[in-house]
Amino acid sequence: MGPGKIFGEIAILYNCKRTASARALTFCKLWAIERKVFQAIMMTTVLKKQEDYTNFLMSVPVINSLPPQTISKVVDALEEVRYEHGEYIIRQNQPGDTFYIISNGSVKVTKDCPNSADEIFVCMLSKGQFFGELALETEEKRSANIVAWGGTGVTCLVLERVAYKQLIGRSGYLKPSTLDIVEAEEPQQNLSNEFSSVQLSDLKVKAVIGVGGFGRVELVVLNRDNEKKLLALKSMAKCHIVETSQQEHVMNEKQILSEINNSFVIRLYKTFKDRKYLYLLLELGEGGELWSLLRERLAFDSNATRFYSGCVIEALDYLHSRHIIFRDIKPENLVLNHLGYVKLVDFGFAKRIGVGQKTFTFCGTPEYVSPEVILNKGHDYATDIWSLGILIYELHIGSPPFNGSDHMKTYKKVLKGIDSVEFPKLFNKLSQQLVRQLCKTNPNDRLGYSVNGMKAIRKHKWFDGFNWDGLRSMSIKAPHSVKVMNESDLPNLEYVTDEPTQQAADDDTGWDVDF
């Protein structure tokens, strides 16, 4: 490698081990930047840009009366366009469908003379002023010419009528979408009273059914009232959580799960802790991971893909209505209940965000992560919509659309966009259309992010004839039948036989006092 080359770039995205060694062969000078500094700069830049754009929009009468969360979405829809001196931005009497705010420079406003080629000077507009706002509401022809004027040209923030209408609906009236429902009360604990008296010692471990970075998931049996109940116990090593700086993620997982009660999300029954571990006592997905079933079947047909993705849509709609983003949709995080219905599991990356706000933490699975997460632009629930599109593709084909030999190559493919993907013939026209609409590079363009929210996805033609009411009531038959389990008959779960037996170190620092 020589001058102008870079290395270690994946380290600015997230904490990971180096994949290669780099040694200086001659005297050299390097520019280096730490991940925290890079991410702080990116976040500050995005937030400053959002603040400036918001201030511009608040001066526009047709927009400033909208709710803050809608103005935030309009901010994201703005595009910056530069025009050279003398370039016509708008011509009189032409149809208009675009609104402009001057962010730098100035423009000249003129009107055509009725009987000559001359133009009559009207006025000059400069930074912070706007024009073309009527194009957002009507299809009237332009009433004047707008010309970029000045040696350095002019830069405008541009909003098209199509994007504006998608975000706010008809006639400037914001239709309430699921995400815009703001709950008046604080989120409430929703843990089941049925397990309030259960102690850790009451649980009998039968097998290890999963091992992760922090600990493991065990199949446990609770003996109560002459009845044996099968549950899942997730244990997380406190020392390892601290070593990897994941305290916030773990506390978020516990807090969010304790507030949730939905048929398509795994239930948290109780939490425990000791000097070494934190424990989550969870509902058991008797049918095992959807990933295991997909690996067995290689791919699902359209009916099965519709069913499983429908379950995920119901789960996401529930979460998003409570301002929770999941951020880690993938087949491994979907488990089947005894009826064969899918439930979301593993809320380690889930986060509650404020109305109209974004978050900047880099997280997720490389093949499923959205472009805005990779680029550190800030993300919200639109990132889950992207992942939903990737999930539908993988369920239908057996592998995700973006796959590289290493994470950085995968990210580069993601940034090329879904239009760079050649869909296999297994995809019919409607399913391909849906995936492409869910995986638009611009979050504002994704189906399900507009004013109609998840309702727009349910109404897509690919879902024509699908029984949503039957899905919610769990009265329609699932594509895959799950065998009823008991303590000695557990055919659907995969067991871990070579899991590490080393005990975790004690941690008494107290960071987990609220767990």
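FYI, residue positions are counted from 1 along the chain as it appears here.
Including glycine, each Cβ sits where the backbone N, Cα and C put it.
Feature annotation from TrEMBL assigns ATP binding site to Lys234. Long-range Cβ neighbours of Lys234 (ATP binding site) (same chain, at least 6 residues apart, Cβ-Cβ under 8 Å): Gly215, Arg216, Val217, Tyr279, Leu280, Leu282. Reduced to three states, the DSSP call for Lys234 (ATP binding site) is strand.
The annotation domain 'Cyclic nucleotide-binding' is assigned in TrEMBL to 1-59 (among others). Mean pLDDT of the predicted structure over the domain 'Cyclic nucleotide-binding' (1-59): 82.
If you look up TrEMBL, you'll see 62-175 (among others) marked as domain 'Cyclic nucleotide-binding'. Broken down by DSSP into helix, strand and coil, the domain 'Cyclic nucleotide-binding' (62-175) contains 28 helix, 46 strand, 40 coil.
Annotated domain 'Protein kinase' per TrEMBL: 203-463, in sequence order.
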